[in-house]
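K.L.:
Okay, so TrEMBL annotates it like this:
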type     : residues  : note
TRANSMEM : C:44-69   : transmembrane segment
TRANSMEM : C:89-108  : transmembrane segment
TRANSMEM : C:120-141 : transmembrane segment
DOMAIN   : C:143-438 : domain 'NADH:quinone oxidoreductase/Mrp antiporter transmembrane'
TRANSMEM : C:147-167 : transmembrane segment
TRANSMEM : C:179-201 : transmembrane segment
TRANSMEM : C:221-240 : transmembrane segment
TRANSMEM : C:252-274 : transmembrane segment
TRANSMEM : C:320-339 : transmembrane segment
TRANSMEM : C:351-370 : transmembrane segment
TRANSMEM : C:391-412 : transmembrane segment
TRANSMEM : C:424-444 : transmembrane segment
TRANSMEM : C:464-484 : transmembrane segment
Amino acid sequence: MRHHLILRVVTKLLVGTIILFAFYVQFHGDFSPGGGFQAGVIMAVAFILYGVVFSLRKAQKVFPPWLVHKLVALGVLIYAGTGIVSLFLGYEYLDYGAFSPHHPEHGQHYGILIVELGVGITVTGVMVAVYYAFAARPPRISDEEW
Amino acid sequence: MNGEFTWDFIVGHMNYWLFIVLMMTGLYIVVAKGNLVKKIVGLNIFQTSVFMLYISMGKVTGGTAPIFPADMIIDPDVVYSNPLPHVLILTAIVVGIATTSLGLALIVRIREEFGTIEEHEILEIEKAIAAAENKLHGEAMGGRA
Amino acid sequence: MATETTHHVAMTLSDHLPVLAILVPFVAAPLCVLLGSRSLTWPITFLASAASFVTSFLLLLSVIDGGFISYHIGGWAPPLGIEYRVDAANAFVLFLVTGISTIVLPYARESVKSEIPERHHTLFYACFLLCLTGLLGVAVTGDAFNVFVFLEISSLSTYVLIAQGSYRDRRALTAAYDYLIMGTIGATFFVIGLGMLYMATGTLNMADLADRIADQGANRTVRAAFAFIVVGIGLKVAIYPLHLWLPNAYTYAPSAVTAFLAATATKVAVYVLMRFLFSVFQPSFLFEVNTLEFMIIPFAILAMFAASFIAIFQTDLKRLLAYSSIAQIGYMLLGIGLLNESGVAAAVAHLFNHGITKAVLFMGVGALVLRSGGSFFDRIEGMGKLMPWTSAAIVIGGLSLIGVPGTAGFLSKWLLVQGALEKGWWPIAILVVLSSLLAVIYVWRIVEAMYLRSPASDIEAKEAPLSMLVPIWIMAIACIYFGFATDITLTASHTAAQGLLAGPVGLH
């Protein structure tokens, strides 16, 4: 899409904003609608938009496929790891009360923040991975023929 | 039964009618269409109908979003919608996305291997493979083709 | 290991057993991907599976005398929170699933090396672990919606595992696609049923659901929910007319995957069916008795005969065994349909016995495929001389499949006949015996091909590697061991049957 000047300029402006918004949705998720799922998708949209406008190759330079796969796994591990920590503190699996024994509400606050971070990372990874997986297949029709 | 079938009954159960219409549309597409991508689209419509069933189930007349106010002072008169079905459907939507992307990925691979995504053409190719196998190893019974 | 706090009584590791059984494979799967090391993946997978096996064994020991363990995820008490509830029935299923996976994994190493390109191995084992997690989760959870989530975790990874067979035969892709469509429709039906139950009762905890349905009796919503749930799970179980995904999926999947899935996936689905039929809905529920008598039993008998009959006329050994699986599921459903203790105990016992039997057979076939390059009958001719150990194990598996006295398969069929006679349904007892004769025919075909023919001239097969032979023989010996040491299976299956048939009472 070399010739679409407006698209390219707008995209450059938007990508940063989208990522910022993703972080807002992510970390405000415990007070307002939002959280890991939504933030992850928004974050992924930033990379996918970049890939669509500036070519897959450039997107993969910013966010290489191997890193995407590791992030998917890392997010799940953060989620499960939170539960394991509470398990070793003598609480039930995923009982966030463990993080602040005298104020379980505070513990739940920390717990959900970490868990949602894990969810966000995994969802970002999965969405980008799905995009890479489909976009990286050799196309039947080249771009110019459209 | 006839006595109950009034205008109120029809409008009052609007979400169930829509659920059934969507569900049947989706199932019909899955069964009737030969194109593998269209089947996935049908499956999506089918799943969406279930999402609608659950989400409309959680609606309480006059209810607001079930979020605690920031100052944590809860007015007992405020009616909240039931958030549980919505949360369940969040999970089901994620499952739906995973199914869709896996289905599409399989279709991409099927197209690479078979050169088509039309069911009848794939069946023909599979029949040819099966016929070749039968010739080589003897007749078999049953099977997909 | 834990410190006391003012609010909370610290738990020890043994209190966490129900969650540990699924947590270990669940954590190991992303760990494999994160490390991304081909040499570490298999050991991690095996250790996770073995740890899960030990956990399940400890769980089984603690509930085999009746009673149950309840574990509250996140410390939220049921019915609001998600509850993991282990009693004899699901501890038995957990034991079976983890046992099979732990024995299949050493076998899988060689088999996977030959059937799947090396760059996919890490993801393959990660998928295998996720599948295991899903199956265990379905068995352990006491929350109805949680069943759906775990069912989909296991199903989605199953589709991927089956599609890996495409490197040998491209029809694995269409088989996986078919299974995906049918499996998703089944799962969605199940969710619709759950939605209706939630509408009628306002709860999703199984014990709570059972109480409320018992209190309010059957109404139209509950009946519709029942129908949706039975059909939905029926697709996963492969009840006879809903079995169409199974033969292709088992035939074209990689050998190790087939061995694992055939021995576990449908068994777990049968367990879910029993849980819903007996615990959540009461057997006294009029509609259900009708369903069992007029739907499940006829279809079960149809499966026993039709699928066995089709199996006789197969040229592919793997496909033959797939059809035989459908027939064997018929026996389990028949046991469920009998609705007395012997019948349900037969279903539970057959679930276990058929699991180990099919594991031997499919692992044996996988070994033949590795050495002869195909599972068609003309490729395995004369294997009795070339691969004597593998062939002998297959024969033992075959005998157990028929139900010859002294093998595991005999016990469950005996229980089934006993259950039918207790009800006074002697024609059904005769049908069970007659359908076993069909099994004699197809097992004889295998024996004939392996021992009475001479091998094809181009095959220079030698015995399977030791890493495959040992797992095959562990299972083959298990087939014989559980045929003689019947009290283990009998105690566990009778306790499980009593727990299941006690209805909602059994959940308290």
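Just so you know, the numbers here start at 1 and follow the chain as drawn.
Note that Cβ sites are derived from N, Cα and C of the backbone, with glycine treated the same way.
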K.L.:
Between the stretches C:89-108, C:221-240, C:320-339, C:464-484, which wins on the count of C-beta pairs under 8 angstroms to the transmembrane segment (C:252-274)?
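P.N.:
Comparing C:89-108, C:221-240, C:320-339, C:464-484: C:89-108 has the most Cβ pairs near the transmembrane segment (C:252-274).
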K.L.:
By Cβ distance under 8 Å, which residues at least 6 away from the ends of the transmembrane segment (C:221-240) in the same chain are close to it?
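P.N.:
Those are 151, 155, 182-183, 185-197, 199-200, 213, 246, 265-266, 269-270, 272-273, 276-277, 281, 285, 287-288, 291, 296, 299-300, 302-303, 306-307, 325-326, 329-330, 333, in sequence order.
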K.L.:
Quick one: do the transmembrane segment (C:464-484) and the transmembrane segment (C:44-69) reach 3+ CB pairs under 8 Å, ignoring pairs fewer than 6 apart in sequence?
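P.N.:
Contact absent: fewer than 3 Cβ pairs fall under 8 Å.
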